[in-house]
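Asker: Quick paste of what Swiss-Prot says about this protein:
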REGION    1-102  region 'Disordered'
MOD_RES   SER6  phosphoserine
REPEAT    35-43  repeat '1'
COMPBIAS  37-46  compositional bias 'Low complexity'
REPEAT    44-52  repeat '2'
COMPBIAS  47-66  compositional bias 'Pro residues'
REPEAT    53-61  repeat '3'
REPEAT    62-70  repeat '4'
COMPBIAS  67-91  compositional bias 'Low complexity'
REPEAT    71-79  repeat '5'
REPEAT    80-88  repeat '6'
REPEAT    89-98  repeat '7'
REPEAT    99-105  repeat '8'
REPEAT    106-112  repeat '9'
DOMAIN    130-260  domain 'Galectin'
BINDING   TRP193, GLY194, ARG195, GLU196, GLU197, ARG198, GLN199  beta-D-galactoside binding site
MOD_RES   SER200  phosphoserine
MOTIF     238-253  motif 'Nuclear export signal'
Amino acid sequence: MADGFSLNDALAGSGNPNPQGWPGAWGNQPGAGGYPGASYPGAYPGQAPPGGYPGQAPPSAYPGPTGPSAYPGPTAPGAYPGPTAPGAFPGQPGGPGAYPSAPGAYPSAPGAYPATGPFGAPTGPLTVPYDMPLPGGVMPRMLITIIGTVKPNANSITLNFKKGNDIAFHFNPRFNENNRRVIVCNTKQDNNWGREERQSAFPFESGKPFKIQVLVEADHFKVAVNDVHLLQYNHRMKNLREISQLGIIGDITLTSASHAMI
């Protein structure tokens, strides 16, 4: 299921090759236009343009309010999972527009978390098993973010996107299945499991923090772990609006679980 991937792949079928709120490429690849934060071509942040008054900084230079996509500063609303400011959480919603670019600062915004954990999330933990409501179901451009730490000697992690008793998307990293590490994806309808899809790439480590991000698209889910694209799972249940809950279980300490539209 894992394969080569690009920004155009991530946005396939959206009708917009570069929609607002998606400044970075999927999988933490730098976007077009050079390294984020290049305020003046070739100039060190804060350096005046040719002919400027000594010490005068060009617009959007550092320090001071940054322009769109300038570094440091927050990402655009809902950006996933492109580069962010120091201490900021990749992909968390930022305010529309620029903020003063104090290194490590992250402006408060609805749904945002303070940057206190290893991925900029608050220190939990939340109780596992944990059920997160998805009011109105899931829909294209919805981004679900789960942050936590794998317990030592872990056996498995499970995410279940549920429609009543059915499971639209079962994401199940297994740390020791016949002495192998594998990720199993599946769907359960009318109490019957479908055909398993297995993934050998395994980015989780016992005792280590992780960030899982699930992006809902019109015909599939995309999953990235620690800002790297992992797999794609085609929808087997077509009525996405009926997928109204995410269940999180397994051998983890859960720090946060959130969703946002991008």
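A Cβ is built for glycine as well, from the same backbone N, Cα and C atoms used for every other residue.
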Asker: In terms of Cβ proximity under 8 Å, which residues at least six beyond the ends of the motif 'Nuclear export signal' (238-253) contact it?
Answerer: 124-125, 128-140, 144, 146, 148-151, 153-164, 168-169, 175, 210, 216, 259
Asker: Given the binding-site residues ARG195, ARG198, and counting only Cβ atoms in the protein chains shown, which has the most within 10 Å of its Cβ?
Answerer: ARG198
Asker: Quick one: mean pLDDT on the repeat '8' (99-105)?
Answerer: 41
Asker: For GLN199 (beta-D-galactoside binding site), what is the tally of other C-beta atoms lying within 10 angstroms of its C-beta?
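Answerer: Taking all protein chains shown, GLN199 (beta-D-galactoside binding site) has 18 Cβ neighbours within 10 Å.
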Asker: Could you give the Cα-Cα distance between SER200 (phosphoserine) and GLY194 (beta-D-galactoside binding site), in whole Å?
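Answerer: Cα-Cα, rounded: 19 Å.
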Asker: Sort out for me which one of GLU196, GLU197 has the most neighbouring CB atoms within 10 A, since those are the binding-site residues we care about.
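Answerer: Output for this query is GLU197.
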